[in-house]
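Take a look at the structure below.
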Amino acid sequence: MAKISLGGYDDGEGPSNPTQKRRRVQPHPREEEEDNEEEEEEEPRGLEIEHTQIETTTEEEEDNNNNNVVEEDNETVESDTRDRSISVTLTDPDVLDCCICYEPLSAPIFQCENGHIACSNCCSRLGNKCPMCSMPIGYNRCRAIEKVLESIKMSCLNAKFGCKEKFSYSKKNEHEKECIYIPCLCPHSGCDFIAAFKELSLHFSHRHIVSAIPFIYDKFLPIVLNIDHREIILQEKNDGSLFIVHNNREHMGNIVHLSCIGPKSKGGFHYEILARSQGSSLILTSLTKIIQGFFPDPPSTGRLLIPSDFFGSGTLKLDIRIRSRH
């Protein structure tokens, strides 16, 4: 007869084995014959059925125990990998800026004996003297604020325009200078559409296509504008980039320059403006300013001054070539 071990039976394999095993005891041949005769005289099939039921129930219990162990392990793994971050509202973000230079704080951060903090650059610039209390500063690190800054991950201010970047607070200014999702205003008069420059290019192509003069990089584009016309919009045929020819009339003549709409990280384009009249030529070679849709005052450099009597009429005839970056 088989012997089933349940619960705390010791099978000799030590306490490290949580699942107990069955152990079969080999009977003596003579005892086995006598047992078989007794089983035949009594209920030969009843015991066999009972034995099968016991064995089946035991296997189910072992499977359930194994499943419970697996479920517990899964719960443990899930609890260990659970996101422990929390959302907080900072009512005064200036506390994360240096109170001296007003730039975002970044490690190392120092504090004086009275708890006033300053960035390392300001400590050196002020001769390691706290400007609030005149105590020495620049020798004791403020580890608490450094840890807070390390744990902060903030979203870009341009998130609603498509930026998905997250970065530490100390990288805020650096990212904002390079972010390609900075909002740009549509240059079409009366349109208040604002979006990242790629989406703005698509918007302009669909809504205001007749308001721009198409051009191709590296080729001269002849344009004619009235001396009182403030600006002309150009759009490149292939990449959709938007440029503005600015024209400011002054008592000496007209000042002409070129701007490109887009993020600051995009960089300027080299361009040339050529004005010719009665055998005379004026030429400007410069770099476009990068703007986000507003119309700035004429720059102090990088502009072409066309005298009032240069063309002898009320129009300006120009040839403009914008260089590609390739």
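Even glycines carry a Cβ here, placed using N, Cα and C.
If you look up TrEMBL, you'll see 1-85 marked as region 'Disordered'.
Among the features that TrEMBL reports, compositional bias 'Acidic residues' is placed at 32-43 (among others).
Under the heading compositional bias 'Basic and acidic residues', TrEMBL lists 44-53.
Taken from TrEMBL, the feature compositional bias 'Acidic residues' covers 57-78 (among others).
When Cβ-Cβ distances below 8 Å are used as the criterion, the domain 'RING-type' (98-134) is approached by residues 140-142, 145-146, 149-150, 169-173 of the same chain, each at least six residues removed from its ends. Summarising the annotation, TrEMBL assigns domain 'RING-type' to 98-134.
According to TrEMBL, the feature domain 'SIAH-type' maps to 151-209.
Looking just at the domain 'RING-type' (98-134), the mean pLDDT is 92.
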